[in-house]
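Working notes for the structure below.
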Amino acid sequence: MELGGDERRVDSRTIYIGHRSCPASEAFIPPPKFCDNRIVSSKYTIWNFLPKNLFEQFRRIANFYFLIIFLVQVIVDTPTSPVTSGLPLFFVIIVTAIKQGYEDWLRHKADNEVNKYPVKVLEDGKPVDKDSEKIKVGDVVEVKENETFPCDLILLQSSRDDNTCFVTTASLDGESNHKTHYTVPDTEKDLDSLSATIECEQPQPDLYKFVGRMHIYKSNQEPAVRSLGPENLLLKGATLKNTQKILGVAVYTGMETKMALNYQGKSQKRSVVEKSINAFLLVYLCILLSKALVCTTLKYVFQNKPGQDEPWYNEKTQREKDTNLYLKMFTDFLSFMVLFNFIIPVSMYVTVEMQKFLGSFFIGWDKDFYDPEIKEGALVNTSDLNEELGQVEYVFTDKTGTLTQNNMEFIECCIDGFQYKYHDSSSELDGFGVTYGPMSKLQQKAGWEREELFLRALCLCHTVQVKESTEQPQGQEDGQKNQVDGSVLDGEVPSAPQEEKGFIASSPDEIALVKGAMRYGFTFMGLESKTMKILNKNDVEMYELLHVLNFDPVRRRMSVIVRTRSGDTLLFCKGADSSIFPRVKLEEVERIRMHVERSATEGYRTLCVAYKCLSAEEYEHADKGLKEARLALQDREEKLTAVYNQVETGMSLIGATAVEDRLQEEAAETMEALQGAGIKVWVLTGDKMETAKSTCYACRLFQRNTELLELTVRTLEERGRRREDRLHELLLEYHKKTVQDSPLAKTSWSVGNQDYGFIVDGASLTMVLNSSSDSNTSHYKNLFLQICQNCTAVLCCRMAPLQKAQIVKLVKNSKGSPITLSIGDGANDVSMILEAHVGIGIKGKEGRQAVRNSDYAIPKLKHLKKLLLAHGHLYYVRIAHLVQYFFYKNLCFILPQFLYQFFCGYSQQPLYDAAYLTMYNICFTSMPILAYSLLEQHIGMEVLLCNATLYSDIAKNAMLRWPPFIYWTLLGVYHGLLFFFGVRLLFGNLALPDNGQVFGNWSYGTIVFTVLVFTVTLKLALDTRHWTWINHFVIWGSLAFYVLFSLFWGGIIWPFLSQQRLYFVFANMLSSVSTWLVMILLVLLSLLPEILLPVLRKPRGPHARQKKMVESSEGGLQSPRSPARPLLMRTFSDESNTVI
């Protein structure tokens, strides 16, 4: 068979249905080997887990660093045992490997469930049971109702009379509405005798695109060619609904299915805390290198003195004398590196991972996030970004379904310029009759024929399906069951024949319009065998459905071509005003435009309705063009669009509809709280400007005194100049107003001073981002961004999904790299959710794709307030304290070791025993900080929610900047110096015990270590504001464990130790009263600044603001919802204002 020129493509595949070859007259092309139907989402196998996991773990700088240190300890004669660094590293690697192995085991388990799923495959006309993984391309598969499709199938047969089937694709694109798919025309009823091949494109991830054609061979006839499109393709993972069974042929299997191609993983998001940790690590690495360098240098300076290099009691061996000086210096440098390496906190990574993982459960457990409607709470998909919730500077929100409920209700319509509003009254007579819910005329009335034409358009121009209800529940006899996204809505239904029916639609808008027509006496009865039925009062009208010109976001309209009983061919079209107005007569537009704009201003979603009578020649030309375009394998979408645009011209405008989408619960309060927290809110929507503007006013993003700056097509065309010239002029004007003329004292969180709102549409944004010259583009972007950043709120309307992501990326990459958050509920929001630092999905009516691709999912917009202002604030404070505390306690730990070298001839003598070196970070000091980082509430949640401005106090990574880091580092230096020299003063008289025995160097190190452990643990106790039994248990338990371990470790002779340095050292140390006194004194002196500084200094900065807010909550402003005092009574000190 000859292929057309543009279809002769290498990237297509030929599939033989049922593996039957085509007739001898056709050239047989042996089918290539396609992949099997196994799904593999796991990362590891039994054989590659160990090498692959170890490779990935050692790519982390800290792990690789400790591996090098461990190898140095093994190879070089170092002062400390390899166990001291090997054991903590081994612990970190094992814990991480177990966590990742467990997660991969779950993936293997999920893969097996899918791959072993039982399916029925037709062999010799009989269904045979097989595992899903054994399906091959070309197999004919049988799927029954409520089963999922095991691979991508072309629909060949359906049990429904109209050769359709209903499918939900919630697991794929999040759209849980019912979608209609069609069988390939002219296929045999007996598939066993079907001889056909399918030629289609190679696998690609776009869920909404599929191009192919089927060649059906019949004896002694030319092969019939039928086009294949997305309406014939059943995707793996989708579910069959309201259809008993279907038969389909496998075209894509396994990892080539569209579902598998869409699960290639999201880009890794990194939190700002990780970046701070890396910066601090570099500083401490420099400190480590400088310590090792100083000690190595001083060692050789010291040994140059007479008698110091080779004292009489420690003569060098011949091998030592022959060793190269520079090699020995390098070895000594490595030895000092090993001695001081504990200044780098390797265990911090494990603690941070555990804190993030365990902390994420608190979001899921929060009862305030539970929504009784959907019976679900919040969901955490990414625990790595918990602290980022406390650093958000920009929120990008969708409008429909996020700010609004996506629950549509037909409000009014306009026919030929006359407005009609529905009144639920049976006593008022107007035009349509008493029992059908009359239209009341607000001005005059359009002609009866125009009214009927308008209502017919509403009944015919849609993709709504009617579902027969098997049983009507009691109490709903007068109701209508309408399914949108699988949910049931109640509606008013005046006509008895429809009481047993329900609607299935791809969009809530469509049901609202069909229900609107029903109120006025035009009832859609359903589609049977390409025939659409309408009940006009008591008369049934029938229309033959010839073509559906599908809706898409670019055209922003849809059309149907139908034929009446009398033989007339009509095209009905509905869509956005910007899409319909250019395609109808100008005088008709003027009659309707005012009503459309007024409805949009009131916050309603508007659609315009038009029609056109097609002559026989016009229809024949359109029919031919559509069929040819649908058969094309290459550029099918472009060819179809061209035909659509050609047909949808010269139409006649009938009227417009207004549908209300109500605000989400507490949407206004949430937006107000976010702005009060210093967060900029941008609304990104595909809706028209007037509707979106009205929603922004309702949400209090725009106030009545807000001056709106508009950069839209309308303002660009105002003065009849070139658009680009006008764009430049407007940008300069708005920049002068918002940036140059604004007071410099204005801060990023003082929303009260910012009284500008900025409105931009998709077309204008395209001009800004894609100017005719590169220099202009950069200039326009900078002006545009500065204007936006100086406005209270920004509204971007008429946005395509890709433009939403471009806006987020523009802000994300701007100066200062502000933290961005995107929130949406639909598939069209996924791009901006993935682009932002933090993506939030709403579990709304537009399906679950946004939820699946998000980092966090919440049932309602109102939950965002607590997620950011309470959970986000606390997460950030906790982890910031954790990071600073880890660096601080390790500096305290290793500084005495460094100072000790000045008193031991730089001999690399360790101050602490190997057991203490190993267990300091693993056992003695790890649990208190972990508990703190999970449970701390320095300010109660209710106070944080009542005082949104507290959120701005920790903005821009306030607690992990250089000043707090330097404070913690200086504190560590002070404590380290105090520990070492305090104990040295004690050792002025070495005969400390009563029996006159002399304390040795291990006693010295043990006393220092004991003071260290008690000080850093009690420092954390002082910082704790919210005490629970867990905090008490781990803090006092850690101190008790240290004492018991020391007594146990030094009280027994361990046979596996070659030298037991601490035998009875700890017990002897405790027998000295002087030692007790010094230890208590040193701990008190160390913690004294922590107590005195907050008391003596005048409160300033964030914590003073927090305290003021807390006091105001306790005073006259206290409400029943903010029980601040009982929570604060559990803190260590109400008056304490310690910098944390």
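The backbone N, Cα and C atoms fix where each Cβ goes, glycine too.
Mean model confidence of the domain 'P-type ATPase N-terminal' (32-85) amounts to 81 (pLDDT, 0 to 100 scale). TrEMBL lists 32-85 with the feature domain 'P-type ATPase N-terminal'.
Summarising the annotation, TrEMBL assigns transmembrane segment to 58-76 (among others).
If you look up TrEMBL, you'll see 117-259 marked as domain 'P-type ATPase A'.
Cβ atoms under 8 Å from those of the transmembrane segment (279-302) belong to residues 61-62, 65, 308, 329, 332-333, 336-337, 339-341, 343-344, 883, 887, 890-891, 898, 901-902, 905-907, 965 of the same chain, restricted to positions at least 6 beyond its ends. Residues annotated as transmembrane segment in TrEMBL: 279-302 (among others).
Summarising the annotation, TrEMBL assigns transmembrane segment to 333-352 (among others). Here the transmembrane segment (333-352) has long-range neighbours at 60, 62-63, 65-66, 69, 72-73, 76-80, 84-85, 88-89, 91-92, 95-96, 273, 277, 281, 284-285, 287-289, 291-293, 295-296, 879, 882-883, 886-887, 890-891, 893-894, 897-898, 901, 908, 910, 917, 920-922, 926, 929-930, 933, meaning same-chain residues at least 6 beyond its ends whose C-beta is under 8 angstroms from one of its own.
Its own atom aside, the Cβ of D398 (active site, 4-aspartylphosphate intermediate) has 30 Cβ atoms within 10 angstroms in the protein chains shown. According to TrEMBL, the active site, 4-aspartylphosphate intermediate annotation covers D398.
The Mg(2+) binding site annotation in TrEMBL covers D398, T400, D825, D829.
Annotation comment: TrEMBL describes 469-492 as region 'Disordered'.
Taken from TrEMBL, the feature compositional bias 'Polar residues' covers 471-485.
The feature domain 'P-type ATPase C-terminal' is assigned by TrEMBL to 851-1097.
Under the heading transmembrane segment, TrEMBL lists 965-987 (among others).
The transmembrane segment annotation in TrEMBL covers 1002-1021 (among others).
Feature annotation from TrEMBL assigns transmembrane segment to 1033-1056 (among others). Under 8 Å from some Cβ of the transmembrane segment (1033-1056) lie the Cβ atoms of residues 915, 919, 923-925, 927-928, 930-931, 1006, 1010, 1013-1014, 1017, 1020-1021, 1024, 1062-1067, all in the same chain and six or more residues away from its ends.
Taking DSSP states H, G and I as helix and E and B as strand, the domain 'P-type ATPase A' (117-259) has 18 helix, 66 strand, 59 coil. Taking only the Cα positions, the spacing between D398 (active site, 4-aspartylphosphate intermediate) and D825 (Mg(2+) binding site) is 8 angstrom. Counted within 10 Å of its Cβ, the other Cβ atoms near T400 (Mg(2+) binding site) come to 27, all protein chains included. Sequence-distant contacts of the transmembrane segment (1002-1021), counting only residues of its own chain at least 6 positions beyond either end whose CB sits under 8 Å from a CB of the stretch, comprise 885, 888-889, 892-893, 896, 900, 910-913, 916, 920, 924-925, 928-929, 932, 975, 979-980, 982-984, 986-987, 1035, 1038-1039, 1042, 1046, 1061-1062, 1065-1066, 1068-1069, 1075, 1078-1079, 1082-1083, 1086-1087, 1090, 1132. Look at the domain 'P-type ATPase N-terminal' (32-85): DSSP puts its residues at 28 helix, 0 strand, 26 coil.
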